[in-house]
């Protein structure tokens with residue numbers, strides 16, 4: 001090990017002379033890196049989140065069509081439509097548990113390739129559906145694949161990316177999710193529900209093919225004792241000029257410090273329970289913003305806000321998500337995770353409060369204070385009249401805020417903060433928390449609207465956004481510009 005490290009230091013010093021001695025070894029190494037194939041591997045991996053986005057977006061255009069379809073075997077009533085929208089989160093929660101087991105047993109690459117199969121099979125069952133239960137089965141399978149994807153892809157990208165671009169690369173996960181949602185909304189304007197399902201099955205098929213040519217992550221290969229394969233993976237990802245031996249030696253040193261497999265005693269280790277607590281709360285607060293409830297029922301919300309052409313409004317909302325998630329990806333490694341989370345929380349807190357004000361004033365004016373009960377009103381004739389634009393502005397600011405921070409960053413931070421020996425277990429707990437709470441919130445959203453009124457529901461979400469600001473300030477560490485090993489050392493409270 002010592003000889004390997006000395007050799008790697010000589011490799012670093014060969015070309016840079018005096019400048020390399022002044023700068024840290026880490027900076028000198030990164031200066032030699034070429035990112036082309038890293039970007040290619042990231043592109044192949046994020047076809048999974050693109051598929052995931054198509055799954056989330058599929059319900060919005062499909063539910064109105066399936067609710068009015070002439071075939072009684074496939075026609076959805078209100079309760080069945082609610083299950084069609086929310087049952088995907090049950091599959092995703094199960095997928096999170098399965099993914100946590102798979103990444104430790106068969107690796108990140110194979111887990112990603114295998115998760116394309118339930119995407120394809122699920123959409124095939126939806127295409128061939130003869131009854132409502134086949135629709136449910138197809139949605140559960142695509143949800144299962146989404147759960148595996150939401151765990152494996154952030155982990156894969158965080159382990160192949162270096163610290164200078166890890167924030168940007170990691171944010172591409174959420175960028176592709178929202179691109180998939182927008183793609184499903186736009187395609188749903190022109191395709192019926194079966195052809196839309198065919199369209200949604202294309203990205204996972206391409207992902208399975210592309211991932212055949214991408215490497216396993218060096219960290220996983222080293223954990224399996226495959227030093228030569230790990231060095232080959234590093235050379236593929238970093239280019240021929242960067243000394244692969246140095247990066248592998250650094251990872252092995254950190255792995256030696258972290259110990260072997262997970263045991264119950266590890267839960268008393270601050271290097272485990274602190275990041276686990278932060279990861280769980282980030283996922284819980286992400287769902288308590290109400291984002292999945294809002295996106296699953298986006299068209300219905302805009303109908304309640306008296307926008308007759310609500311499908312166009314949801315496409316606009318999705319486009320805002322794509323644009324500002326791309327902005328977040330570009331600034332992630334400059335602004336830092338913590339600042340963006342705080343700004344995001346403030347934006348969502350104010351916008352959901354404003355949306356509640358809209359519904360409160362609208363209900364007082366038009367006597368429509370309960371549930372998503374679509375009634376005719378003077379505003380329905382002309383959506384530009386009165387307070388309707390408050391609804392559109394509130395939704396726009398909410399999506400902007402979410403896309404800048406609480407959309408991409410919880411998944412990014414989850415992939416950065418856990419020691420190697422607990423990544424599978426801890427990540428699966430976080431994904432289970434995310435999708436379990438997503439199911440509860442999505443399934444009870446209609447009941448919340450009935451119980452608390454439209455205004456009260458959005459004010460509840462506003463209060464949760466205020467809490468996530470406080471949580472971020474007090475407990476979330478800044479991970480910008482740090483190696484994964486440095487982040488884990490920070491949680492332990494030991495010198496780097």
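The count begins at 1 with the first shown residue.
Note: Cβ is positioned from N, Cα and C throughout, glycine not excepted.
These numbers come from a predicted model, not from an experiment.
What TrEMBL lists as domain 'Major facilitator superfamily (MFS) profile' is 37-480.
Proximity of distant same-chain residues to the transmembrane segment (38-61), defined by a Cβ-Cβ separation under 8 Å and at least 6 residues beyond the stretch ends, is recorded for 84-85, 88, 112, 115-116, 119, 139, 142-143, 145-146, 149-150, 152-153, 156-157, 160-162, 165, 169, 172-185, 187-189, 193, 196-197, 199-200, 203-204, 206-207, 210-211, 213-215, 236-238, 292, 295-299, 311, 314, 318. Per TrEMBL, transmembrane segment is recorded for 38-61 (among others).
Feature annotation from TrEMBL assigns transmembrane segment to 81-103 (among others). The list of residues near the transmembrane segment (81-103) in space but at least 6 beyond its ends in sequence, with Cβ under 8 angstroms from a Cβ of it, reads 55-56, 59, 62-63, 66-67, 110-111, 114-115, 118, 135-136, 139-152, 155, 220, 292, 296-297, 423-425, 427-432, 434-436, 438-439, 442-443, 446.
Summarising the annotation, TrEMBL assigns transmembrane segment to 110-130 (among others).
What TrEMBL records for 136-157 (among others) is transmembrane segment.
Residues 38-39, 42, 46-47, 49-58, 60-61, 153-154, 157-158, 161, 196, 199-200, 203, 295, 311, 314-315, 318-319, 321-322, 325-326, 328-329, 332, 403, 407-409, 411-412, 415-416 of the same chain, all 6+ positions outside the transmembrane segment (169-187), place their C-beta atoms under 8 angstroms from a C-beta of that stretch. What TrEMBL records for 169-187 (among others) is transmembrane segment.
Feature annotation from TrEMBL assigns transmembrane segment to 193-214 (among others). Sequence-distant neighbours of the transmembrane segment (193-214) (same chain, 6+ residues past either end, Cβ-Cβ under 8 Å): 40-41, 43-45, 47-48, 50-51, 54-55, 58, 61-62, 65-66, 109, 112-113, 115-117, 119-120, 123-124, 126-127, 138, 145, 180, 183-184, 187.
What TrEMBL lists as transmembrane segment is 276-298 (among others).
Remote same-chain residues near the transmembrane segment (310-332) are listed as 57, 60-61, 167-168, 170-172, 174-175, 178-179, 181-182, 185-186, 188-189, 298-300, 302-303, 340, 392, 395-396, 399-400, 402-405, 407-409, 412, 480 (criterion: CB distance under 8 Å, separation of at least six residues from the stretch ends). The transmembrane segment annotation in TrEMBL covers 310-332 (among others).
Annotation source TrEMBL lists transmembrane segment at 339-359 (among others). Outside the transmembrane segment (339-359) by six or more residues, the chain places 289-290, 304-305, 328, 331-332, 387, 390-391, 393-398, 400-402, 404-407, 409, 453-459, 461-462, 465-466, 468-469, 472-473, 476 with a CB less than 8 A from a CB of the stretch.
Beyond the ends of the transmembrane segment (387-413), by six or more residues, the same chain brings 150, 154, 158, 167, 170-171, 173-175, 177-178, 278-279, 282-283, 285-286, 289, 291, 294, 301-302, 305-307, 313, 316-317, 320-325, 327-329, 332, 337, 340-348, 350-352, 354-355, 357-358, 361-362, 379, 434, 468, 476, 479 to within a C-beta distance below 8 angstroms of the stretch. What TrEMBL records for 387-413 (among others) is transmembrane segment.
Feature annotation from TrEMBL assigns transmembrane segment to 425-445 (among others). If one looks beyond the transmembrane segment (425-445) by at least 6 residues along the same chain, the residues whose Cβ comes under 8 Å of a Cβ in the stretch are 82-83, 85-86, 89-90, 92-93, 95-97, 99-101, 103-104, 143, 147, 150-151, 155, 262, 272, 275-276, 279-280, 282-284, 286-288, 290, 292-293, 296-297, 410, 414-415, 418, 457.
Under the heading transmembrane segment, TrEMBL lists 457-476 (among others).
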